[in-house]
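Trainee: I'd like to ask some things about the structure below.
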Amino acid sequence: MDPIRACVFDAYGTLLDVNTAVMKHAHDIGGCAEELSSLWRQRQLEYSWTRTLMGRYADFWQLTTEALDFALESFGLLERTDLKNRLLDAYHELSAYPDAVGTLGALKAAGFTTAILSNGNNEMLRGALRAGNLTEALDQCISVDEIKIYKPDPRVYQFACDRLDVRPSEVCFVSSNAWDIGGAGAFGFNTVRINRINKPQEYSFAPQRHQLSSLSELPQLLLRLTQ
């Protein structure tokens with residue numbers, strides 16, 4: 001096994017809590033807030049996959065907006081333009097998970113290159129990383145917008161290798177999303193799934209190498225693997 005040189009993270013759902021945009025305005029949304037947040041996320045991801053399959057790329061902000069429109073209409077809230085605008089503003093400033101900053105800092109201190117590989121475009125990522133105080137803890141922020149293909153297409157993971165000048169076997173890829181872990185594992189990355197709520201394992205043809213319940217466990221795992 002090659003030594004791990006780079007720790008590459010998914011952003012949305014892994015370092016950044018995608019539910020905080022809706023939860024920030026839950027009192028205005030009412031009892032459907034959790035369902036709306038879940039549907040928004042589901043459609044956002046679905047649109048990224050279908051557009052990649054169709055060869056009809058649009059940036060992640062457009063997909064995020066279109067997915068929110070669908071979710072709001074599904075709950076009879078599409079006419080609430082003020083609510084839509086506030087939710088989109090909140091998505092630009094998603095909260096980071098509490099252990100994200102400390103984990104990234106510990107990895108950098110241990111000598112690992114830290115990077116994000118995200119479907120988000122650069123403008124989205126800059127705002128969210130700044131709001132979450134993550135900018136200084138990352139060596140690189142890699143957006144699929146540069147190649148206009150979404151994860152989990154293998155070309156995206158190769159793009160990260162090219163940007164970081166590493167082989168797949170030298171990458172530890174970290175994500176909370178099973179589909180992303182499956183794609184990264186099939187490509188050849190060493191994968192770690194952050195499974196905060198103990199969801200069942202998926203994509204058995206490319207299972208995660210390791211599973212953790214929090215980001216804070218990651219530095220110790222990597223130090224153990226590199227000894």
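Positions of Cβ are set from backbone N, Cα and C atoms, glycine also.
What you see is a predicted model, and the numbers here were worked out from it, not measured in a lab.
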Trainee: Given that Swiss-Prot assigns Ala11, Tyr12, Ser118, Asn119 to the (S)-2-haloacid site, pick the one from Arg41, Arg43, Arg130 that the record assigns to that site as well.
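Mentor: It is Arg41, as the record lists it for that site.
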Trainee: Which one of 25-30, 121-126, 175-180, 193-198 shows up in Swiss-Prot as region 'Important for catalytic activity'?
Mentor: 175-180
Trainee: How many Å separate the Cα atoms of Asp10 (active site, nucleophile) and Ser118 ((S)-2-haloacid binding site)?
Mentor: 6
Trainee: Tell me which of the recorded positions Arg41, Lys151 sits in the most Cβ-dense spot, judged by other Cβ atoms within 10 Å.
Mentor: Lys151
Trainee: Please list, for the region 'Important for catalytic activity' (175-180), how many residues fall into helix, strand and coil according to DSSP.
Mentor: 3 helix, 1 strand, 2 coil
Trainee: Within the same chain, and leaving aside Ala11, Tyr12, Arg41, Ser118, Asn119, name every residue whose CB is within 8 angstroms of the centroid of the CB atoms belonging to the recorded (S)-2-haloacid site, in sequence order.
Mentor: Asp10, Gly13, Thr14, Leu16, Val18, Phe60, Gly120
